[in-house]
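These notes concern the structure reproduced below.
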Amino acid sequence: MKIVEVKHPLVKHKLGLMRENDISTKRFRELASEVGSLLTYVATADLETETVTIEGWNGPVEIEQIKGKKITVVPILRAGLGMMEGVLENVPSARISVVGVYRDEETLKPVPYFQKLVSNINERMALVVDPMLATGGSMIATIDLLKKAGCQSIKVLVLVAAPEGIKALEEAHPDVELYTASIDQGLNEHGYIIPGLGDAGDKIFGTK
């Protein structure tokens with residue numbers, strides 16, 4: 001599995017600000033979107049382009065355009081919605097697919113409860129977004145759903161990832177690509193990432 005930890009100074013700075021315990025909902029939400037945008041920039045660096053001719057201000061001019069690669073952004077409810085706007089800033093024509101998976105706090109197992117995928121997802125590259133890759137259960141369950149629907153090109157974008165989650169994802173889906181702003185220390189006894197960001201969903205939606 002291709003694993004990319006994005007170490008750009010802007011990414012590290014913004015993620016560092018997100019780790020502050022008393023950060024406001026507004027600021028956390030803004031930063032989640034901004035880091036999501038920067039991760040998208042890196043994750044889409046291998047998109048193919050083609051040369052086309054358009055009419056410029058002084059006559060015909062050749063330009064580079066992305067070569068017909070359709071994209072669907074797949075936020076995992078609910079926290080993934082916090083990164084979606086930043087992703088769409090870079091790929092505004094992308095369609096949106098939504099998957100709902102929550103983690104049972106006792107068993108730590110993923111429980112799928114909702115999915116609404118674009119009809120031609122088999123023709124699209126999926127950018128799956130979720131702030132945290134902890135145990136990997138929710139992400140694996142989401143990718144299971146996408147592959148069952150025919151999606152063959154999948155990239156995962158997360159703000160922070162635990163080594164345990166990375167290992168589980170690689171074992172389940174070695175063909176996907178992972179882009180993260182940080183590979184953190186690991187999980188505590190409750191399955192939360194250390195140092196992590198706390199509960200990203202609560203911080204994005206202000207439901208502490």
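Here the Cβ of each residue, glycine as well, is placed from N, Cα and C on the backbone.
Owing to the predicted nature of the structure, the values given are computational and were not obtained by experimental measurement.
Taken from Swiss-Prot as is:
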type: BINDING; residues: Arg78, Arg103, Asp130, Pro131, Met132, Leu133, Ala134, Thr135, Gly136, Gly137, Ser138, Asp199; note: 5-phospho-alpha-D-ribose 1-diphosphate binding site
type: BINDING; residues: Ile193, Gly198, Asp199, Ala200; note: uracil binding site
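Sitting within 8 Å of the Cβ centre of Ile193, Gly198, Asp199, Ala200, and not among those site residues for uracil, are the Cβ atoms of Pro131, Met132, Tyr192, Gly196, Leu197, Gly201, Asp202, Lys203. Candidate binding-site residues: Asp130, Met132, Gly136. Nearest to Asp199 (uracil binding site) by Cα distance: Met132.
Reported as a whole number, the C-alpha separation between Asp130 (5-phospho-alpha-D-ribose 1-diphosphate binding site) and Ala200 (uracil binding site) equals 9 Å. When the binding-site residues Ile193, Gly198, Ala200 are ranked by how far their Cα is from the Cα of Arg78 (5-phospho-alpha-D-ribose 1-diphosphate binding site), Ala200 comes first.
Of all the binding-site residues listed (Asp130, Asp199), Asp199 has the fewest other CB atoms within 10 A of its CB. The Cα of Gly198 (uracil binding site) lies closest to that of Ala134, out of the binding-site residues Ala134, Gly136, Ser138. Closest to Ile193 (uracil binding site) by Cα-Cα distance, out of the binding-site residues Met132, Ala134, Gly136, Ser138, is Ala134. Ser138 (5-phospho-alpha-D-ribose 1-diphosphate binding site) falls within a helical segment according to DSSP. The distance from the Cα of Ala200 (uracil binding site) to the Cα of Met132 (5-phospho-alpha-D-ribose 1-diphosphate binding site) comes to 8 Å.
Around the Cβ of Met132 (5-phospho-alpha-D-ribose 1-diphosphate binding site), the number of neighbouring Cβ atoms within 10 Å comes to 27. The DSSP secondary structure for Ile193 (uracil binding site) is strand.
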